[in-house]
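Take a look at the structure set out below.
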2 protein chains.
Amino acid sequence: MTTADAARPIGVFDSGVGGLTVVRALMERLPLESIIYFGDTARVPYGVKSVATIEHFTEQITRFLLQRDVKMLIIACNTMAAVAAHVVHRLAGSIPVLDVIEAGARAAVAESPGGRIGVIGTPTTINSNAYARRMHALDASVRVYSQACPLFVPLVEEGWLDHEVTRLTAQEYLRPVLAEDVDSLVLGCTHYPLLKPLLRDVAGPAVKLIDSAVTTAEFAAQRLQHERLAYGGDSPATYRCVVSDVPLRFQTIGERFLGRSLGQVEKVDW
Amino acid sequence: MTTADAARPIGVFDSGVGGLTVVRALMERLPLESIIYFGDTARVPYGVKSVATIEHFTEQITRFLLQRDVKMLIIACNTMAAVAAHVVHRLAGSIPVLDVIEAGARAAVAESPGGRIGVIGTPTTINSNAYARRMHALDASVRVYSQACPLFVPLVEEGWLDHEVTRLTAQEYLRPVLAEDVDSLVLGCTHYPLLKPLLRDVAGPAVKLIDSAVTTAEFAAQRLQHERLAYGGDSPATYRCVVSDVPLRFQTIGERFLGRSLGQVEKVDW
């Protein structure tokens with residue numbers, strides 16, 4: 001393994017800006033690693049599209065990042081992880097591929113002593129049943145209670161993170177899941193970490209919130225060590241953000257997710 | 001003018017399912033006319049995308065409908081009408097082009113005796129200032145008060161048409177517009193007619209709601225007469241619905257907008 005191999009960036013991608021919550025967690029957990037982020041802002045949201053369309057878009061993005069010579073791919077989009085992870089693995093060959101569902105499922109199973117796990121996400125993620133399948137593969141005794149929350153993404157993008165409307169919406173969505181006395185609640189969408197304070201209030205202190213951005217960064221650190229791909233040089237990390245559109249308020253929304261300035265944003269035309 | 005010319009369908013298009021409210025109004029106002037509808041469901045919503053991207057998508061859809069030999073084009077998407085109507089006019093040549101902003105602007109100016117007009121729509125529509133420009137071109141004395149309502153589209157698609165969350169959201173969005181004592185309120189997005197009962201409650205009886213789906217159908221009827229393109233034969237009207245994706249819950253949501261069964265839906269791969 002040469003230094004040049006380890007110096008390559010980690011490729012992170014999402015259907016829009018949400019995956020920047022994963023980038024933020026990676027920057028904090030792995031400050032020496034360079035990152036290239038791709039957000040498909042021209043075609044967001046994926047959560048309401050068909051599987052065939054999501055597979056097609058996922059293939060396009062994976063090829064783009066592989067051309068940029070990444071050393072690891074992270075699917076920072078629950079919808080793509082739920083229905084199109086096989087596309088990424090097939091194209092990536094020997095390059096390690098991580099995704100937010102695998103990370104969230106592992107953390108939830110490890111941290112739910114009673115084995116009662118709630119999962120919230122977009123309609124496509126929830127309908128795919130991907131979280132329940134992965135959790136059951138890890139521990140067949142867990143019980144999984146899922147709920148689609150289609151309004152959470154627009155509420156986060158509107159910036160209503162601590163608004164009465166968002167609280168009422170959360171109460172309505174979470175009611176059936178909380179009625180099952182879950183031990184933990186997986187935030188199965190990269191937008192949801194921004195609602196953590198409000199969801200913690202609504203869910204109450206007995207329910208542990210599993211933030212898959214944080215758990216994904218932890219698994220990435222372990223995997224880089226294991227594959228001897230962790231960067232140990234002294235060049236400063238570089239961060240690149242590539243999008244398929246620069247929509248209205250992109251800078252504001254992106255910086256809310258990343259928790260810092262976005263720097264220069266590159267646009268591709270598809 | 002031959003009968004064959006008049007027998008051609010009217011082409012109606014939108015970024016998603018919202019334009020079906022215009023199709024519904026056309027079916028009621030012009031029951032003899034055939035209609036082909038295109039909804040760009042793979043790339044919806046447009047309301048948060050850049051102008052360059054919207055122009056590009058608009059060109060693709062216009063070319064598609066012109067190949068299907070339409071006799072009139074109706075831009076049933078406020079966002080496309082606001083920022084890309086020139087693209088449609090350029091490609092359409094002598095084929096008449098109507099759009100929901102022109103229709104809504106004319107109706108609002110005609111029906112606001114005090115000349116104080118509120119407009120609500122997506123961020124892109126409102127930021128384009130297209131309604132205010134068209135209204136001022138018709139009557140320079142009107143005052144226009146605009147408000148972007150980004151959460152209304154997802155609330156309608158969730159089906160929360162008479163929900164406390166929607167009511168609170170509407171109260172918050174409309175507060176600044178209602179404070180200006182408007183005579184009328186233009187529903188500047190094809191999703192909003194489904195919120196009419198709730199918006200009427202929130203706005204109060206003194207404010208006239210302008211539904212641009214209905215006004216567009218009225219202008220289409222006038223224009224077909226004027227251009228001698230109205231169909232007078234006895235073949236039954238045909239309705240075709242073409243989309244770029246068949247997402248989850250498409251049938252349910254589409255039928256809520258159309259107010260009846262959707263029939264067969266054709267999908268194109270772009």
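Backbone N, Cα and C atoms are what each Cβ position is placed from, and that goes for glycine too.
Just so you know, TrEMBL annotations are computer predictions that nobody has curated.
The active site, proton donor/acceptor annotation in TrEMBL covers B:C77 (among others). Over all protein chains present, the Cβ of B:C77 (active site, proton donor/acceptor) has 34 other Cβ atoms lying within 10 Å. Look at B:C77 (active site, proton donor/acceptor): DSSP puts it in coil.
Look at B:C189 (active site, proton donor/acceptor): DSSP puts it in coil. Every protein chain considered, the tally of other Cβ atoms within 10 Å of the Cβ of B:C189 (active site, proton donor/acceptor) stands at 28. Feature annotation from TrEMBL assigns active site, proton donor/acceptor to B:C189 (among others).
Per TrEMBL, the feature substrate binding site maps to B:D14, B:S15, B:Y46, B:G47, B:N78, B:T79, B:T190, B:H191. In the three-state DSSP scheme, B:G47 (substrate binding site) falls into the coil class. Around B:G47 (substrate binding site), a 10 Å sphere centred on its CB holds 28 further CB atoms from the protein chains shown.
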Original post:
On the Cα atoms of B:D14, B:S15, B:Y46, B:G47, B:N78, B:T79, B:T190, B:H191, which are listed as binding substrate, what is the maximum pairwise distance in Å?
Top reply: 13
**OP:** Around the recorded substrate site, report the further residues of that chain (criterion: Cβ within 8 Å of the mean position of the Cβ atoms of B:D14, B:S15, B:Y46, B:G47, B:N78, B:T79, B:T190, B:H191; site residues excluded), sequence-ordered.
**Re:** B:G16, B:G18, B:G19, B:V44, B:P45, B:C77, B:M80, B:T122, B:T125, B:V153, B:C189
Original post:
When you measure from the Cβ of B:H191 (substrate binding site), which residues in the chain that are at least 6 apart have a Cβ under 8 Å away?
Top reply: B:G18, B:T21, B:F152, B:V153, B:V156, B:E157, B:F257
Original post:
What's the CA-CA gap between B:G47 (substrate binding site) and B:C189 (active site, proton donor/acceptor) in angstrom, rounded?
Top reply: 10
Original post:
To the nearest whole angstrom, what is the C-alpha distance linking B:Y46 (substrate binding site) and B:C77 (active site, proton donor/acceptor)?
Top reply: 9
Subject >> B:N78 (substrate binding site) to B:C189 (active site, proton donor/acceptor) - Cα separation in whole Å >> reply: 6
**OP:** For each of the binding-site residues (B:S15, B:N78, B:T79, B:T190), count the other CB atoms lying within 10 A of its CB, then report the residue with the highest count.
**Re:** B:N78
Subject >> Alpha-carbon spacing, B:T190 (substrate binding site) to B:C77 (active site, proton donor/acceptor), which is rounded to whole Å >> reply: 7
